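Q: Below is a structure I'd like to ask you about.
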């Protein structure tokens, strides 16, 4: 009898959750998931902001140059040649509008990221400002704005909006000029012979693009002022870089695409001088030929860029903007000369510029994870080297 009782199964207890208990469990689960999701977003944003730097404005700089190039192709021209007419027909105004909108969106997105970086990681921004390479890219967002302003499809240089935006973009360029150019001849550790590198030419480009935009408004005195400021320092900088002082050897191999800036500055100068004088005269042609010679010199030395092409990084965008500006200068030269050779040269440079820009855009969209690598050479230059006091 006892055995029969012990062999009987134990009584089962049935527990039924009340709606209140179920609701409490669901609330806790949602709260935990929300907290995990928020931590992941915070970690991802922090990772992006710590690796992001002003060098990424190369992208908006290149797209802004392309927008200005396409606007020139669809604009009115005195060149009645067949090639220019075909190019005018191929570039649809809607395609230009899409490109300009994409360039503007890119600039806005990069600017928002950099403002967040300034807000949460100000020490990194300060280190960037004090570095001989990083400080030069602080010109890039303002240059991008000036390029988009000149290519804007709904603004003319005679409007008040154009004038206000020119001041917004030009004043920071002049302020940075005072900072950088003043250091070149007053600071012992910041002498030009010590800090000069190819990216130093971005400051020159900023003055020249500002001069070009001012000339379109009819502000000839302001245009000449910015042009002279940029060209005088460009001559000094060019001689310094040709002398191969210590500053010119401070770039790692991954950043060698910035050597293309050597022919970007004279190309912009030829366009700025044309805007000031109203014609692509002898001075503009001399600057264009100089940029063409420097471009040829670099293209004939592919070994210089071999190591930088092993792995994709944002420095590759340094190829696009100089090629775009050189192509833009070639269109003005072809319109002035109206010869078969000049038109063939224009076609080659236009095709190369568009192919490089489109290729970089596609490659960037496909390889977004590679845009913010842990071993970014630019970030390494700016934040892992000892900070030099201002």
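Even glycines carry a Cβ here, placed using N, Cα and C.
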Q: Among 203-222, 223-242, 243-262, indicate the range for which TrEMBL gives the feature transmembrane segment.
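A: That would be 223-242, per the transmembrane segment entry in TrEMBL.
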Q: Please work out which recorded stretch in 94-116, 137-156, 162-182, 223-242, 286-304 has the most C-beta pairs separated by under 8 angstroms from the transmembrane segment (316-334)?
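A: Selected stretch: 286-304, with the most Cβ pairs under 8 Å.
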